[in-house]
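These features come from TrEMBL:
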TRANSMEM  7-27  transmembrane segment
TRANSMEM  54-72  transmembrane segment
TRANSMEM  79-100  transmembrane segment
TRANSMEM  106-126  transmembrane segment
TRANSMEM  147-168  transmembrane segment
TRANSMEM  174-199  transmembrane segment
TRANSMEM  211-231  transmembrane segment
TRANSMEM  243-263  transmembrane segment
TRANSMEM  275-293  transmembrane segment
REGION    298-328  region 'Disordered'
COMPBIAS  299-321  compositional bias 'Low complexity'
Amino acid sequence: MGISSDNVHGLVLAVSSSIFIGSSFIIKKKGLKNAASSGTSAGDGGYAYLYEPWWWIGMITMIVGEIANFAAYAYAPAILVTPLGALSIIFCAVLAHFILLERLHIFGVLGCILCVVGSTSIVLHAPQERSIESVKQVWHLATEPGFLVYGCIVLIVVAVLIFKFVPTHGHTHLIVYVGICSLMGSLTVMSVKALGIALKLTFSGSNQFKYYETWVFTIVVICCCVLQINYLNKALDTFNTAVISPTYYVMFTSFTILASIIMFKDWDSQNASQIVTELCGFVTILSGTFLLHKTKDMGSSPSSNSPSYIGPNPNSNSNSGYRNDNAG
């Protein structure tokens, strides 16, 4: 990775974003738990969390983090910025341990470390950002056949998940809610990057808001964000935060970098050694997440009926990999 002023700005903004976003998961879940105790939970379709101050504080924290993330994409390529989201896993896991009493098993800690190591490998070999002088250039990239096919596939898969799998498997398989958020997130990031570039160019004296393409990207960002927030709330209310955070990170990162490769052709400027190293980084991240997920039920009772659900169980005395100490 070449060191440039833009890359440095992108790195600083991305790290700041991870701190705020990692904290927001915990604050929002505290609000969701308070709301569930006094009304219909978000996982059951309720919206009582809208009256919870903690949830709004969490939302504000997340918005601040997303703004920093938004700015980071204007300066650095997605392959560099997105993997730094691994830092949010660390902040989220530590805060969940002390605030929500969701204890992280030692193998879960190892899984988080593997995620960070893999992310570091990707960051160190990330490509330089291509020079873009107008939002019309981004629009041209977004309307090429390759990315149009990717976008259509994402929308079809998301529609299938929402209408077919959410009603039947949403409460037992976190991959449903997280999958929706991650797939839509990849489209969100591409639009955010386009909008960030438009703002960067506008502030430098070249107004990009006179082009309709800028407004199309803005509308896509808003629509995708609303959908993501809705299903992320359902996921947080239903499953253990320590599992959601890394799983969401890996899926979101994978789809986002795939979308970036298709749209911005990031790998065109790299040699085989750099690409292989980045792929090894991905494998390391995926290995860490797999370890984190598979050990979350370590030592739990075999009579559990919902292995994919992590939550309080007053009748359980197990020492599970991810245990909620509010139980019993």
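Every residue, even glycine, has its Cβ placed from backbone N, Cα and C.
Away from its own ends, the transmembrane segment (54-72) comes close to residues 9-11, 13-14, 16-21, 23-32, 34-35, 81, 192, 195-196 of its chain (Cβ-Cβ under 8 Å, at least six residues beyond either end).
Within its own chain, the transmembrane segment (275-293) has Cβ neighbours under 8 Å at 79, 83, 86, 107-108, 110-115, 117-122, 124-126, 242-243, 246-247, 249-250, 253-254, 257, 267, counting only residues six or more beyond its boundaries. Contact between the transmembrane segment (106-126) and the transmembrane segment (243-263) is present: at least three CB pairs lie under 8 Å, with pairs separated by 6 or more positions in sequence. Most Cβ pairs within less than 8 Å of the transmembrane segment (79-100), among stretches 7-27, 147-168, 174-199, 243-263, belong to 7-27.
Most Cβ pairs under 8 Å to the transmembrane segment (174-199), among the stretches 7-27, 147-168, 243-263, belong to 243-263.
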